[in-house]
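Engineer: The following block contains the structure, expressed as structure tokens.
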Amino acid sequence: MKIAIINGPNLNLLGTREPEIYGSLTFEQYLANLKSNFPHVEFFYFQSNVEGELINEIQNCGFGFDGIILNPAGYTHTSVALGDAIAAIDTPVVEVHISNVAAREDFRKISHVSAKCAGTIAGLGLQGYELALEYFIRKS
Ligand code: DQA
């Protein structure tokens, strides 16, 4: 099974970025754990702070993968083009947010990607990525 994890802007700073909201683990540390807990899954990981690079990668992973776990970060709330990219591909996408976006500022309650995704997980910390992975495993 081939799974892509795509993280948007500022998620490269996990571990030091607002740890009271996003926790103190880096994504690399979390991913190393995930890989060792799911040895049969082939992971591809991509992070970018650039909207167009995220779209390119969604397209690249959009036809040969079993699932994409996507945290579009701030672009969730602004990017029509990211939503369009998800609608244009075959691979199902699960949207993940580390924080509970529904409990934060009003602008975070708008998502341009949710309606194009199989589902959304928010507010469960980094565990959300693992739960999204479980969804793809059970579905396969
Ligand atoms: C986030 C929530 C977004 O509102 C925010 O802009 C992020 C991270 C999350 O994982 O909780 O950068 O996607």
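The backbone N, Cα and C atoms fix where each Cβ goes, glycine too.
A TrEMBL annotation is a machine prediction, not a hand-curated record.
I grabbed these lines from TrEMBL:
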- ARG17: site 'Transition state stabilizer' (SITE)
- TYR22: active site, proton acceptor (ACT_SITE)
- ASN71, HIS77, ASP84, ILE98, SER99, ARG108: substrate binding site (BINDING)
- HIS97: active site, proton donor (ACT_SITE)
Engineer: Check the recorded positions ARG17, HIS77, HIS97, ARG108 for other C-beta atoms within 10 angstroms of each C-beta and report the one with the most.
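Structural biologist: Comparing the recorded positions ARG17, HIS77, HIS97, ARG108, the most crowded Cβ belongs to HIS97.
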Engineer: Return the count of C-beta atoms lying within 10 angstroms of the C-beta of ASN71 (substrate binding site), excluding that atom itself.
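Structural biologist: Other Cβ atoms found within 10 Å: 27.
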Engineer: Which whole-number value in Å describes the distance between the Cα atoms of SER99 (substrate binding site) and the residue listed as 'active site, proton acceptor'?
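Structural biologist: Their Cα atoms are separated by 7 Å.
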Engineer: Please list, in sequence order, those recorded positions from ASN71, ASP84, HIS97, ILE98 with the Cβ less than 6 Å from ligand 1.
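Structural biologist: Among ASN71, ASP84, HIS97, ILE98, near ligand 1: ASN71, HIS97, ILE98.
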Engineer: Could you state the whole-number distance in Å separating the C-alpha atoms of ASN71 (substrate binding site) and HIS97 (active site, proton donor)?
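Structural biologist: HIS97 (active site, proton donor) has its Cα 6 Å from the Cα of ASN71 (substrate binding site).
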Engineer: Can you tell which of the recorded positions ARG17, TYR22, HIS97 lies nearest to ARG108 (substrate binding site) in space, using Cα positions?
Structural biologist: HIS97
Engineer: Pairwise over ASN71, HIS77, ASP84, ILE98, SER99, ARG108, annotated as binding substrate, what's the top Cα to Cα distance to the nearest Å?
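Structural biologist: That value is 24 Å for the farthest Cα pair.
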Engineer: Here are the recorded positions: TYR22, ASP84, ILE98, SER99. Which has the lowest count of other Cβ atoms within 10 Å?
Structural biologist: ASP84
